[in-house]
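Student: I'd like to ask some things about the structure below.
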Amino acid sequence: MIDIKNLLNSDDLSKNDIYEIVDLANDIIKSPKDFSHVCEGKILGTLFFEPSTRTRLSFESAMLRLGGSVVGFSDANVSSSTKGETLQDTVKVVSQYADIIAMRHPQEGAAYLASLTADCPIINAGDGGHQHPTQTLTDVLTISQYKHTLDNHTIGIVGDLKYGRTVHSLIKIMNLFDNNKYILISPEELKLPQYVKKEVFKDNDNYDEVTNLDEVIGEIDILYMTRIQKERFFSTSQYTRLKDSYVLDMEKMNKARKDTIVLHPLPRVNEIATEVDKDPRAVYFNQVKYGMYARMALIYKLLEANNA
Ligand code: CP
């Protein structure tokens with residue numbers, strides 16, 4: 001049984017925790033009716049200090065599909081933080097109403113700060129360029145659906161590896177499993193930062209860094225495309241120069257293997273041409289749906305673990 005109060009970082013989860021969540025998500029996918037009342041009387045608080053479509057709406061759909069209810073805001077400007085209320089106070093207050101909170105915030109470490117004062121479990125729904133652990137649960141559930149194992153994959157991660165928080169969480173989690181290798185594909189300026197490399201790879205050297213996607217696409221089992229994160233750039237001219245560094249189109253897909261799957265945490269801007277959407281290897285819209293199931297499993301498990 002999962003034994004954590006909060007989910008703040010992907011490394012809060014053990015390999016067994018991941019299997020438990022994936023197994024439960026699979027049970028929910030097979031038989032959603034069996035879970036449609038399990039959170040009756042429970043309230044999820046969604047505190048989104050930064051924009052979101054998928055994460056917020058999938059959390060809300062997840063709780064509603066478990067029979068619970070949702071309160072919250074999708075824009076910090078409609079909350080009392082505009083009057084100067086601190087994050088800690090806001091979270092303390094909402095935790096008097098809600099049984100569990102999902103929070104997104106632009107500052108790294110904000111979810112941890114929230115967890116210090118909250119009287120209920122906190123789920124990090126993205127904290128700045130740091131982590132996005134429920135996106136990783138989404139990715140892992142999607143990989144397990146299509147590949148039937150979390151071991152022995154060559155994972156190509158493309159785009160903004162500097163600011164892309166989903167990437168940092170994904171590598172950490174997939175490193176819990178056996179024989180996974182990474183090909184990190186990015187412009188020089190957007191390479192995975194050294195401190196992240198130290199943290200996620202430790203003493204392993206199971207990764208390569210390249211700049212050219214065409215040269216390696218044929219080696220990849222799981223192609224994880226990411227958006228260049230405009231909102232985290234300090235210089236507009238640098239963003240403009242780098243924004244179209246990688247565009248996955250059918251010409252590139254024709255060099256990929258038949259069993260390669262393409263994931264993207266979304267939103268996409270220009271990095272996957274829409275012509276790729278109809279290719280059966282493009283699974284990013286199904287990934288969105290698996291995100292809801294992964295969050296259903298997580299909410300249920302965290303409430304159970306905390307007797308909330
Ligand atoms: N993948 C993801 O986090 O999407 P949103 O920003 O729309 O929540």
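Here, residue 1 is simply the first one shown, and the rest follow in order.
Just so it is clear, glycine is given a Cβ too, placed from its N, Cα and C backbone atoms.
Keep in mind that this is a model prediction, so the values were computed, not measured.
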Student: Report the candidate from ARG104, ARG241 that shares the carbamoyl phosphate site with ARG54, THR55, HIS132, GLN135, LEU266, PRO267, as recorded in TrEMBL.
Tutor: ARG104
Student: Who sits close to HIS132 (carbamoyl phosphate binding site): which same-chain residues at least 6 apart have their Cβ under 8 Å from its Cβ?
Tutor: THR55, ASN124, ALA125, GLY126, ARG165, THR166, SER169, PRO265
Student: Suppose we screen the binding-site residues ARG54, LYS83, LEU266 by Cβ distance to ligand 1 with a cut-off under 6 Å; which survive, in sequence order?
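Tutor: Among ARG54, LYS83, LEU266, near ligand 1: ARG54, LEU266.
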Student: Only counting partners 6 or more residues apart, tell me which same-chain residues put their Cβ under 8 Å from the Cβ of ARG227 (L-aspartate binding site).
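Tutor: Counting only residues 6 or more apart in sequence, the Cβ neighbours of ARG227 (L-aspartate binding site) under 8 Å are GLY159, ASP160, GLY164, HIS264, PRO265, PRO267, ARG268, VAL269, GLU271.
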Student: Could you name the residues, excluding ARG54, THR55, ARG104, HIS132, GLN135, LEU266, PRO267, of the same chain that surround the carbamoyl phosphate site, i.e. Cβ within 8 Å of the Cβ centre of those residues, in sequence order?
Tutor: SER52, THR53, ALA125, GLY126, THR166, PRO265, GLY291
Student: Using a 10 Å cut-off on Cβ-Cβ distances across all protein chains shown, tell me which of the binding-site residues (LYS83, ARG165) has the largest neighbour count.
Tutor: ARG165
Student: To what whole number does the mean pLDDT across the domain 'Aspartate/ornithine carbamoyltransferase carbamoyl-P binding' (5-144) round?
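Tutor: A mean pLDDT of 96 is what the predicted model shows over the domain 'Aspartate/ornithine carbamoyltransferase carbamoyl-P binding' (5-144).
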